[in-house]
């Protein structure tokens, strides 16, 4: 970054950290004791702080990345500051680790935006900085900066992994990918995505070479062939590519570190007899295709200021007019998926402290037909999502779609936290919006954050026949 941009970004980071510290102080003051999942995470971190690394709470389902990083950061601070007593590995100090991850996420988001949109570097300083600021305040992620959850650290290492992939540091990316998996096992999907982008690049090159030889440059790799002949040509090309020793050698030369991580993860799954550690009864995989519809709707809402415009709506209406049979098929398949592949997790119906409980209660439980009446909304949300990627190559889009499917569909529980990484990946790869749109996005996120923190801090409630204080949260 140039000198001026460096000053602006430094001031932005400092302001962001100051505001976050003030909010952190407010949240910690009203909720001093561990809350929700912190009831499991904080005691486990205490065990690690005292060197008891072999003790494990069977209710925890993720690997110990968060606790290892916490001890690695807190212990040197404790030694340098000569701290003793309850302050060592206290709930507040453990939560503060996520504020550090918040600063790291802001910086990583800025670097990713600069790398992904390097062609616009000369005229987009303010847009890059505003984009990074806006995404760092993405409501679902930002809220968990103030609690001892895995989300901030998990997102940090996924973003760091992808950044190193973009810079061609594949060994470092693979090592960071291992760190991300230690925070949340499903992050192996995004390690695979990083490898998939390398495969997509090689396929793009092979596609261009093939069509250059045949003088068929009217079919560039950035366009998805919707015709039967186009799909057939694409399938033949992919079959030839993956059966070619030359192409596979070229792929493995750059992607072998990710393959090593994948093999190591496969070994873990075999030895552990599954992905989940600890309590598995509430984390059973299923084909919950409706999760895709929830994610597209979620993405549409949070990207409204930067993705939706009059021209896009008109393009959608024109697409409906030009391809009615295609959209009829999409609608039919969507209705079938909603009918046969909608699942309701017991936690969704039982816990009124989470916002998804109220979404389900006030929307989907209004009437049994509501879930079907929402299919047109899902269709537009899906189309809007796909249209944002029209400048990306076909093979990159395929890699992202596969990873999105694997990351969302097996999840039975409707949990907005599962959408953090796929949404950020989606938003990062959109064309850089204009400054007014970015300001609107930031104001939307700020408003949602303000409401969320207000509800958590100042609107506690009690369950009948219970004296415990409960709070609303994502």
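Note that Cβ sites are derived from N, Cα and C of the backbone, with glycine treated the same way.
What TrEMBL says about a protein is an automatic prediction, not a curated fact.
Bear in mind that the values here come from a model prediction, so they are computed numbers and not experimental data.
Tertiary proximity for the transmembrane segment (6-27) is limited to same-chain residues at least six positions away from its ends with a CB under 8 Å from its CB atoms, namely 95-96, 99, 102-103, 106-107, 110, 125, 129, 132-133, 136, 145-147, 453, 456-457. Taken from TrEMBL, the feature transmembrane segment covers 6-27 (among others).
Among the features that TrEMBL reports, transmembrane segment is placed at 60-81 (among others).
The annotation transmembrane segment is assigned in TrEMBL to 93-113 (among others). A Cβ distance under 8 Å defines the sequence-distant neighbours of the transmembrane segment (93-113), meaning residues of its chain 6+ beyond its ends; these are 9, 12-13, 16-17, 20-21, 24, 28, 41-42, 45, 66, 69-70, 73-74, 87, 128-129, 131-133, 135-136, 141-142, 144-149, 151-153, 155-156, 159-160, 162-163, 166, 424, 428, 432.
Summarising the annotation, TrEMBL assigns transmembrane segment to 129-150 (among others).
The transmembrane segment annotation in TrEMBL covers 156-179 (among others).
The transmembrane segment annotation in TrEMBL covers 254-272 (among others).
The transmembrane segment feature in TrEMBL is assigned to 292-313 (among others). Listed as Cβ neighbours of the transmembrane segment (292-313) (distance under 8 Å, sequence separation of 6 or more from its ends, same chain) are residues 138-139, 334, 337-338, 374-375, 377-378, 380-382, 384-385, 387-388, 404-405, 408-409, 414, 416, 419, 422-423, 426-427, 430, 433, 437-438, 440-441, 443-445.
Per TrEMBL, the feature transmembrane segment maps to 325-349 (among others).
Annotated transmembrane segment per TrEMBL: 369-386 (among others), in sequence order. Remote same-chain residues near the transmembrane segment (369-386) are listed as 290, 292-293, 296-297, 299-300, 307-308, 312, 316, 319, 327, 330-331, 334-335, 338-339, 342, 363, 397, 426 (criterion: CB distance under 8 Å, separation of at least six residues from the stretch ends).
Residues of the same chain lying 6 or more positions beyond the ends of the transmembrane segment (393-414) and with a Cβ under 8 Å from any Cβ of it are 186, 189-190, 192-193, 196-197, 199-201, 203-204, 207, 221-224, 234, 282, 284-289, 291-292, 294-295, 343, 345, 347-348, 356, 359-360, 386, 421-422, 425, 429. Marked as transmembrane segment by TrEMBL: 393-414 (among others).
The transmembrane segment feature in TrEMBL is assigned to 434-457 (among others). Long-range contacts of the transmembrane segment (434-457) within its own chain (CB-CB distance under 8 A, at least 6 residues past either end) are made by residues 23, 26-27, 30-31, 126-127, 130-131, 133-134, 137-139, 142-143, 146, 302-306, 471-474.
Taking Cβ pairs closer than 8 Å, the transmembrane segment (60-81) reaches residues 40-41, 44-45, 47-49, 88-89, 93-94, 97, 100, 148, 150, 153-154, 157, 179-185, 276-280, 283 in its own chain, all 6 or more past its ends.
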